[in-house]
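According to Swiss-Prot, the feature ATP binding site maps to 185, 186, 187, 188, 189, 190, 191, 192, an assignment based on sequence analysis. If you look up Swiss-Prot, you'll see 63-83 marked as coiled coil. Residues or ranges marked as domain 'NB-ARC' by Swiss-Prot: 162-388. If you look up Swiss-Prot, you'll see 225-248 marked as repeat 'LRR 1'. What Swiss-Prot records for 388-411 is repeat 'LRR 3'. Here Swiss-Prot flags 449-472 as repeat 'LRR 4'. The feature repeat 'LRR 5' is assigned by Swiss-Prot to 510-536. The repeat 'LRR 6' annotation in Swiss-Prot covers 585-608 and rests on sequence analysis. Look at Swiss-Prot and you will find 609-631 tagged as repeat 'LRR 7', backed by sequence analysis. The repeat 'LRR 8' annotation in Swiss-Prot covers 652-680. The repeat 'LRR 9' annotation in Swiss-Prot covers 689-710. As annotated by Swiss-Prot, repeat 'LRR 10' applies to 712-735, with the evidence given as sequence analysis. Residues annotated as repeat 'LRR 11' in Swiss-Prot: 736-758. Among the features that Swiss-Prot reports, repeat 'LRR 12' is placed at 784-810. Sequence annotations record features per position, and here Swiss-Prot assigns repeat 'LRR 13' to 811-835.
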């Protein structure tokens, strides 16, 4: 934790020094010198923290107090800087003379106290012979590792082939008396990976299917609702009598369900009242995974058990080899010395045959030189046996991370287990916390540097890739439950963050909380009712169902809060009153509201001059305040619904931006802003805008976007929703960087070859009129990988997706989805050369004849 706090202090001191230099110039040279001194000293202390931690781990108990002193010092300095920066900005706003202001004198006095503490710490570390390692690995530029995992197989089952074949045969055996298969074993053996691969292979042979993560604190009602949604139970039946309606449907269906990670039998006692027995008469199946054999035995009986075992040595080394070299090659070790191979085998041996430990260790070694010396150091750090399963291996991989990446990894522990986390959220929260900063001379954006960190974590196999974007970048990710536990344990030990269950206790400890996450309504409300002192709180995560969370927040100022995330999971829409005290969160940089809620952000939000991200989920009807544009640090304003609901969020004329009050250099995302509140000529000022979504697009906006020289040179994603048919022809061919385009119109709108950017990767057309000429244009796009056409009218009776005379027919297309086309009598594609790289074909809502080649028929199943 000490090194994390020190890094945060260094980054914040860089920011403050920059602000002083820009805003106050030479008048405050003495104050800037103090800030620069802080930065230098914190870097110096950080350089020997790792050495001190190694001595502590080696049994030198005297160092423990030194590390505690360093952590307290770093925390106090961070508090001082967080308190100081808003005062600089406020003073500059009202043209006060900062040099004569009282808070500047107070700051100077606090710096003197810190100097005395730094002298004491440096004296003690010399006494204990703690070496300055000058380790600046956090400042190194992480390589973009995207190429290492873009095409990786996400369902590796190396060493589990026999298990897979045996279970597949069992699940498809029509004579199976009781259709439950229980995959059990210790954490990290690959139970979930194996179960998912089985489930995905056989689910098409059943009438309905569902995959549910159960977890340590399950709720039967939520699990049943999840199953009901996946099998297509109507919304009315889910609301009226979920249990009875679900059971009635499943009685007449042949189903397969995967219930992942069941911890105890109580939850099964609740579920089995609704799930009909899986007997041989109907042929339904249930796959469960559990780390407890007794759970599997209770649910499916002795015959259901399939216990996974650690991998044998050769299979372990095969998995290690695949992960080290990133491809299957029997000659991978041909150029390696016999000693290096032997060290590699010894490293694998210390992993105890546990796939997760092997994969994580390989990820760590990939980031190092492939030399005997480098690998030997890892081997020596692993001890002589596997301790606590693979816990030591995982902790070693954490310590091997660059210092700047460690808090980014720990952030995954703030989310519930098995939560799918958007890369956009992680990246912008890391930036808000100043874990990621752009050094002078670096022309890349902070978001790009943060993405490098995320790529590195995935490359090291610490994080699991869940989804990719249209262009192959990370869209969302997950963390294995063992690594999630590691995050929580490390965070608690170092006071980086606390979960709700360990937040209660000594008031002094509660007052020092910097980050806290709640997964439970009851615990959260009880905690807030205890009236805790939370003056140092930086991050608050609330995963809840009770909308009263907002009223409880009204009793706290949270003056140092950087990040606020509220995720509401209730099924009904709830009106919430967001307290005006939100305006007191002067340090707030990141605000995310998600869930079925409606309300209004208070006007006091405009006082939050450091706000960088406002992210409102598609189910939330949260009205933005007037003046939100004026935050000069605003980078992302996201409203994720493009329907009428989103339009109603902007029903205040005062939202209309003053074009001269904008600070456009930072703005990167404007998503689903109604055109009526959007002045087209401000587009010229948004020079760094990467993503833009506009509702009710007007002729003037179309005209501005369609000029010969692109008005938004950095634009990568464009989403336009038209409420009427524009008279202007949209022309986007001059935008070379737009890779994702979404066009939605309610009436006829003409398109031609000039309508599209030349380098499209993903295109979505909704409610458009399409003819064979436009289709012929789309077939020629050299980079188009995903094409979706929803409720589009086709001007002719037959849509032919076959190759053109020139041979072109979607050369790079991987996904094609056509839904509810109007006016068609036939869709055909019978040749074998069209769409050669297609992986997924979805033809839904069709009421016409479909003629496909045998290859395409298989892809459409």
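Numbers run from 1 along the shown chain.
Keep in mind that glycine also has a Cβ here, set from the backbone N, Cα and C atoms.
Quick caveat, the model's predicted, so the values are computed rather than measured.
Taking the mean position of the Cβ atoms of 185, 186, 187, 188, 189, 190, 191, 192 as the ATP site, the remaining same-chain residues with a Cβ inside 8 Å of that point are 289, 291, 308, 354, 355, 356. Here the repeat 'LRR 13' (811-835) has long-range neighbours at 781-803, 841-846, 848-853, 855-856, meaning same-chain residues at least 6 beyond its ends whose C-beta is under 8 angstroms from one of its own.
Summary for the binding-site residues 185, 187, 188, 190: the Cβ-based neighbour count within 10 Å is maximal at 188. Sorting each residue of the repeat 'LRR 3' (388-411) by its DSSP state yields 18 helix, 0 strand, 6 coil. Contacts of residue 189 (ATP binding site) defined by a Cβ separation under 8 A and a same-chain sequence distance of 6+ are given as 308, 309, 310, 354, 355, 356, in order along the sequence. Around residue 192 (ATP binding site), the same-chain residues six or more apart in sequence whose CB sits under 8 Å from its CB are 260, 261, 289, listed in sequence order.
In this view, residue 191 (ATP binding site) is surrounded by 25 other Cβ atoms within 10 Å of its Cβ, with every protein chain counted. When DSSP labels each residue, the repeat 'LRR 11' (736-758) comes out as 3 helix, 6 strand, 14 coil, counted as helix, strand and coil in that order. With respect to Cβ pairs under 8 Å, the repeat 'LRR 11' (736-758) is most closely packed against 449-472, considering the stretches 388-411, 449-472, 585-608, 609-631. In the three-state DSSP reading, residue 190 (ATP binding site) counts as coil.
Within 10 Å of the C-beta of residue 186 (ATP binding site) we count 16 further C-beta atoms, all protein chains included.
Secondary structure at residue 185 (ATP binding site), as computed by DSSP, is coil.
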